[in-house]
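Reading through the structure tokens given below for one structure.
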Amino acid sequence: MDYYEYLVALAAVNGLIAISYQHVLSSGIMQACQAALVGVGAYASAFATRDWDWPFLPSLLLAAAVTVALGVPLSVLASRLGEFFFAIATLGFAQVLVVVLYNSEQAGGAVGFVGQPTATTAPAALTFCGAALALLAVLQNSGYGHRSRGTAADPLACSALGIDVNRHRVVVFALGSALAGLAGGLYAHLVGVLVPGELGFAATVTLLVMVVLGGITTPFGTLLGAVVITLLPEVLSASDSVRLLIYAVVVLVLMIVRPRGLVGRRPLRAPAIEAVPAAASAVDRPAGRLEVSGIAKAFGGLQVLRDVGVVLTPGEIHGVIGPNGAGKTTFLNIVSGLETPDAGTVVLDGVPATTAPPHARARLGIARTFQHTRLFPELTCYENLLVAAAAPGRSGPVRTPWASRRDAARRAVAMLHRFGLAAVGDVPAAALPYGVQRRVEIARALVTRPRFLLLDEPSAGIPEEEIPALAALVRELADDGIGILMIEHNIPLVRQLCDSLSVINDGIVVTTGNVEECLSHPATVAAYLGVPEVSGA
Amino acid sequence: MDVFFQALWGGTVVGVTYAVLALGFTLIFGVLGVLQFSHPQIFVAGGFVGYAVQTLVGGGLPVVLPATMIACAAIGLLVERVAIRPLKQSSFLAPAIATIAAGIAIQNIVIVVRGPDPVSFPPLVPPADLQVGGVTLRSAEICALVVGVLVMAGLHLLIHSTRFGQAIRATADRPDVARSFGIDTRLVSVTTMALASALAGVAAVLLASVYGTLSPFMDTSLGFKGLVIMVVAGLASVSGSMLCGVALGVLETLLSQYVSPAYRDVFVWALLLVVLVARPTGIFGRRVVTKV
């Protein structure tokens, strides 16, 4: 293999490694051991061809398998540790691996592992890199890709949409590990000598530079970054340290000029599909009941909820009011599964759901919005809805990926039309006025086809003149058969919309039932105005 | 038993220098919100500045330490201006990558000037040994311990008992609110950067004089340790970083003494993992409650 062919192969292998890392990072998994995973694959396949006389290709499969077997248990830690600690834990894993290899005689120790055939040709490296790129490019625009972008931006909002964030991350990690292992096998049979130091922190940092410099949002950008970083030191002819100095300056300048990377992902545009009549958005499930009773919750010594319950039926709008700090949002969090109550039950159609995680509840048909909207800020309005459409819904017919992709797009577009958002479909969510963001969030929740919708102060932050439109919309949803639980401070809106009302104060329901009766109830007045209760009341 | 106490002493001294280095990381992360990856290379540069001052001018610790601190503060300010400030608004990773590049640049400038080989670091205080029981305390070690502890105590006072310290803590907590109360957060950021980088210089001079040697490639392993101390202590916990630094130094030394020098790091990391799983916010970190 001549020098130029070697360079092409090296760039392709580095490209494959870098896109495997981009795949993991862009899903919001802050992992710092990609180089170590590559190393595991490299050593595994090199052992296979040198010591056990395996042919080259099976050794690559072995590399991928071993790396996945190591990577998956590691990824389970991610949910336990949170971003930063997971990064550090994986850093530690990489370092342990380096130490073990340094001290292993079979692996060649510090001198390195030699003797495996140089079987990786430039065409082979290019083929694997191209295939991986094609796979990741397809995945990027699929439901899987939407789930990844969603989990990276806001895992909590994703779980409320029905996405099992931890499971998705394990799958992403497994694919990232498999590609890393494969790349490791190619690398081992390209360079001829494997040194443990190449698995460590410094190597992962170089990969990080490739990913961020090229563009973390798309594998195409990352690949470009990998090619630049691989070839840059080669084209500079100077002493090692001068070369590295120039390299550093180039990286610095490129970073400043293009802080978001050389190439960015192009957002998916909303396709021009005719507005679909109500059938697509209406509830397609039989009637049921959401019964919540006896909920108690304390945070440390603070008893927020003592005994709160509510029954919600399809088509009903039930309001929840109460002074600030009454425990309304905590109650909503418990109903949607974001928090676990100390006592009490949540029962859906007679089936207990008290301990079901948020994503499971979303799949049962409970959707919610947040007091402070939790849209995915950098995704467009349309893409925000696509994340919801990509959440595994309740049972449905098995469809081809293409059919379900078309269906997701159709559902998202239908919802854009229904909410009057078609004109802003391609605008990033963060760039929209707050009132519009609120509408997008309700639309996103509805894409999951909920039976019950929990709204946390839908009118907060919305300009006065937009409130009638919001009210009409909520009414329409209820008329479609959705049961709505609505926390609200705007009493005229409550009067206008709600079929029934609960007043919460000090962790208990002080009165519930007819809206007007509740509003004029002495306990309600006392809760808001602090009027001392008449003795014996 | 003497062997144990000797190891304990050596570990404490080294741990104090780790802590001083990690404090810089922690301060920068807390106030500027950036992972300053070139901090270890500023440490290396500081070590070589100290080496140059002592060999060319002399004067021992009273001259070398301030000179190194000034030089490191200047490098830190340059890094802030070139790599951090232009990128702070764009994303979390962009400034981190830029500081990685800055670190590579700093390290290779050192290598271009002085070459890649380790140098023997001249003593900054007259070499002497003190025997306490069966334990030998070298003058360089005593000096490192005293200076390191003084610097940390001074920093603790600065942060908790002065107006400027209050401004630092306010900026670290909520920069937007701090600004609305009239705190010049940019000035606080720049000063913190200079201060933290000067700490890297202190750590470099102390550690190099304890080891008696200095290499331009010390950055990787030390950068690691700084990062680990910062995280285990709980992000942005200053007193926690001090304790964890010392703990790491002692642990490392005892493990190499009694278990196996080769696998020392494996045990340190295994322990780290146990701590992380048991206390996911770090030992001294505050619990962060996400409100929805």
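Cβ atoms are placed via backbone N, Cα and C, with glycine included.
What TrEMBL annotates here:
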DOMAIN    A:290-531  domain 'ABC transporter'
TRANSMEM  A:6-25  transmembrane segment
TRANSMEM  A:56-77  transmembrane segment
TRANSMEM  A:84-102  transmembrane segment
TRANSMEM  A:122-139  transmembrane segment
TRANSMEM  A:170-195  transmembrane segment
TRANSMEM  A:201-232  transmembrane segment
TRANSMEM  A:244-263  transmembrane segment
Top stretch by Cβ pairs under 8 Å to the transmembrane segment (A:6-25) (candidates A:84-102, A:122-139, A:170-195, A:201-232) is A:201-232
Sequence-distant residues near the transmembrane segment (A:56-77) by C-beta distance (under 8 Å, 6 or more away from its ends) are 29, 31, 33, 37, 40-42, 44-46, 48-49, 86, 89-90, 93, 117, 119-120, 166, 169-170, 173-174, 176-182, 184-186, 188-189
Message: Under 8 angstroms for C-beta pairs, at least 3 of them, ignoring pairs fewer than 6 apart in sequence. Is the transmembrane segment (A:122-139) in contact with the transmembrane segment (A:244-263) by that rule?
response: no
The mean pLDDT across the domain 'ABC transporter' (A:290-531) is 89
If you count CB pairs under 8 A between the transmembrane segment (A:201-232) and each of A:84-102, A:170-195, A:244-263, the winner is A:244-263
Sequence-distant residues near the transmembrane segment (A:244-263) by C-beta distance (under 8 Å, 6 or more away from its ends) are 209, 212-218, 220-221, 224-225, 228-229, 232-233, 236, 238
